[in-house]
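Some notes on the structure that comes next.
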Amino acid sequence: MSGENVTKVSTFILVGLPTAPGLQYLLFLLFLLTYLFVLVENLAIILIVWSSTSLHRPMYYFLSSMSFLEIWYVSDITPKMLEGFLLQQKRISFVGCMTQLYFFSSLVCTECVLLASMAYDRYVAICHPLRYHVLVTPGLCLQLVGFSFVSGFTISMIKVCFISSVTFCGSNVLNHFFCDISPILKLACTDFSTAELVDFILAFIILVFPLLATILSYWHITLAVLRIPSATGCWRAFSTCASHLTVVTVFYTALLFMYVRPQAIDSQSSNKLISAVYTVVTPIINPLIYCLRNKEFKDALKKALGLGQTSH
């Protein structure tokens, strides 16, 4: 296609979630309440962790960093989704679409590395308890969280630069409720194999290597736990990792269903539904998984709410 005959797309139209007529206002209210709950829930975790001296430890520093990530993450997707429920035509500019894609990809990549960092923290706590405070220092925690964000945002910058260089000159109807890589590239009218290859390589690096680090950490944790002679001690040691392991399982399972499904079971409707669950529901579930099983956090929450200390 000759360059002079190409009219580049400057605006995308988001199809949004499939809804029955008349249900969009109910869905708007449902997702709005969910969004507000995520904000309040994660802000509360951050405030409680930073205001309670008993929680000034590496595990809770990682937890507050994860809550900050969840707030940013859900705020990248949900406002545009809510707008889509109220408007007949859900438009987003090309720059706005690339910006949304950049932050979505960056935050997913950051969470991969942050979960691996949290797995390392649990590994040291279980396998080297006497050296824990020497190995996992506040400085190291800051470096691990900083590295998670820097690596996630840098890799995503490269991915989005390649994707934004692709020419979009045909249909501008994006069959999704937010700007994701696969539905965007389906609208390309020039060869996008280079952008697709770069995306695959960088996604492999940022997803697989942190996952391998997490698996390796839990392999050593499992071996250490199995060496504990008493069943009570064994359960107590492993229960400290149960919340993080649950979040890791939910996170990677959702990613696999979203991006690594066989073509035979792939459909835009199911993909959008899984994406909606992943982008809105998991930011609610993750803090609950971490906090509801944690006695120290529940005690700090009761103290913050003026309900007094639990009896010992």
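Any Cβ shown, glycine's included, is placed from N, Cα and C.
If you look up Swiss-Prot, you'll see 1-25 (among others) marked as topological domain 'Extracellular'.
As annotated by Swiss-Prot, N-linked glycosylation site applies to Asn5.
If you look up Swiss-Prot, you'll see 26-46 (among others) marked as transmembrane segment, on the strength of sequence analysis.
The average pLDDT for the topological domain 'Cytoplasmic' (47-54) in the predicted structure is 88. According to Swiss-Prot, the topological domain 'Cytoplasmic' annotation covers 47-54 (among others).
What Swiss-Prot records for 55-75 (among others) is transmembrane segment.
Taken from Swiss-Prot, the feature topological domain 'Extracellular' applies to 76-99 (among others). Look at the topological domain 'Extracellular' (76-99): DSSP puts its residues at 17 helix, 4 strand, 3 coil.
Per Swiss-Prot, the feature disulfide bond maps to Cys97-Cys189; the stated evidence is sequence analysis.
The feature transmembrane segment is assigned by Swiss-Prot to 100-120 (among others).
Residues or ranges marked as topological domain 'Cytoplasmic' in Swiss-Prot (evidence: sequence analysis): 121-139 (among others).
The transmembrane segment annotation in Swiss-Prot covers 140-160 (among others), and the record cites sequence analysis as its basis.
Applying DSSP to the topological domain 'Extracellular' (161-196) sorts its residues as follows: 13 helix, 2 strand, 21 coil. Among the features that Swiss-Prot reports, topological domain 'Extracellular' is placed at 161-196 (among others).
Residues or ranges marked as transmembrane segment in Swiss-Prot: 197-217 (among others). For the transmembrane segment (197-217), the list of distant contacts is 109, 112-113, 115-116, 119-120, 122-123, 151-152, 155, 158-159, 162-163, 181, 248, 252, 255, 259: same-chain residues at least six beyond its ends, Cβ to Cβ under 8 Å.
Annotated topological domain 'Cytoplasmic' per Swiss-Prot: 218-237 (among others), in sequence order. DSSP states for the topological domain 'Cytoplasmic' (218-237), grouped as helix (H, G, I), strand (E, B) and coil, give 16 helix, 0 strand, 4 coil.
Annotation source Swiss-Prot lists transmembrane segment at 238-258 (among others), citing sequence analysis.
Sequence annotations record features per position, and here Swiss-Prot assigns topological domain 'Extracellular' to 259-271 (among others).
According to Swiss-Prot, the transmembrane segment annotation covers 272-292 (among others), on the basis of sequence analysis.
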Residues in the topological domain 'Cytoplasmic' (121-139) grouped by DSSP into helix, strand and remaining coil: 16 helix, 0 strand, 3 coil
Around the Cβ of Cys97 (disulfide bond), the count of other Cβ atoms that are within 10 Å: 25
Cβ atoms near Cys189 (disulfide bond) (within 10 Å, other residues, all chains): 15
Contact check, the transmembrane segment (140-160) vs the transmembrane segment (55-75), 3+ Cβ pairs under 8 Å, seq sep 6+: yes
